[in-house]
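Take a look at the structure below.
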Amino acid sequence: MAQLYYRYGTMNSGKTIEILKVAYNYEEQGKGVVIMTSALDTRDGVGYVSSRIGMKRPALAIEETTDIFGYIRDLPEKPYCVLVDEAQFLKRHHVYDLARVVDELDIPVMAFGLKNDFRNELFEGSKYLLLLADKIDEIKTICQYCKKKATMVLRTQDGLPVYDGEQIQIGGNETYISVCRKHYFAPMITSNKEQNYDN
C-alpha cells in the first residue's frame, strides 16, 4: 500500500540531500520518479531541487494553480514514487492532491520541508501534511549555537533577530539560522569563530 510521508526538519538538516538520495536509489533500480518543488523557491532558479553541497536536479515547479493529481494521473508511465521538496510552501489543495495520488493512484509520495516558520507558526503546507500524512518523520540537525537539537528557524536581518514580518522570504544561511528553543528566544548572533558551544 502506498503512503504519504512527511519528513520535516529545520534549515540545513539535509532534506534536499535525502530527496536526491531517494531519487538516485529508485532510478538505480530502473524505477522512475517524479521530483517536484515549490515555484516559490527561486534560490537556484525555478524548477530545481538544489542542495547546499552543490547537488542539483530539475524538478516540476509547483505553482498556485498546478493540478498535481492531474499531472501525475496523466503521465504516460506511472512513477514508482513522487518526491516533493520545499513542501511547506504548498497550499492546502496541493496537499490534498498528494493524498489523492497515494489513495487513488497507489503511488507513494514523500514530501520534505520545514515545519514551522521564523515566527514559530506552521506553514500552510506543513499544517496539512501533518494532518494528512500516514507517516511523519523528523530529520534532525543541531543548533547553530550549542549541542542541542535544532527545532526552530531564526530569521536575521542586519545581524539582528527578526520575529515579525512576511512569512515567506526566500533566503539561505545569511537569512535563516537553525536553532534550539533556548537560542530562538535568546540568540547569540556572532561570527562562527566566536560561537560558544558550552551553552
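The backbone N, Cα and C atoms fix where each Cβ goes, glycine too.
Positions annotated as active site, proton acceptor by Swiss-Prot: E86. Annotation comment: Swiss-Prot describes G9, T10, M11, N12, S13, G14, K15, T16, D85, E86, A87, Q88 as ATP binding site, evidence class sequence analysis. Taken from Swiss-Prot, the feature Zn(2+) binding site covers C143, C146, C180, H183, and the record attributes it to sequence analysis.
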Same-chain residues at least 6 apart in sequence whose Cβ lies under 8 Å from C180 (Zn(2+) binding site): C143, Y145, C146, K148, K149, A150, T151, M152
Cβ atoms near C143 (Zn(2+) binding site) (within 10 Å, other residues, all chains): 26
Residue, out of the binding-site residues A87, C146, whose Cβ gathers the largest set of other Cβ atoms within 10 Å: A87
Secondary structure of D85 (ATP binding site) (DSSP, helix/strand/coil): strand
For G9 (ATP binding site): intrachain residues, at least 6 apart, with Cβ closer than 8 Å: K15, F112, L114, K115, E138, I139, K140, T141
E86 (active site, proton acceptor) CB neighbourhood, other CB atoms within 10 A: 26
Neighbour tally for S13 (ATP binding site), based on other Cβ positions within 10 Å of its Cβ: 21
Listed binding-site residues (M11, K15, D85, H183), ranked by Cβ neighbours within 10 Å, top entry: D85
Nearest of the binding-site residues (M11, S13, A87) to H183 (Zn(2+) binding site) - Cα to Cα: M11
Pairwise CA distance, S13 (ATP binding site) versus the residue listed as 'active site, proton acceptor', rounded so that it is a whole Å: 13
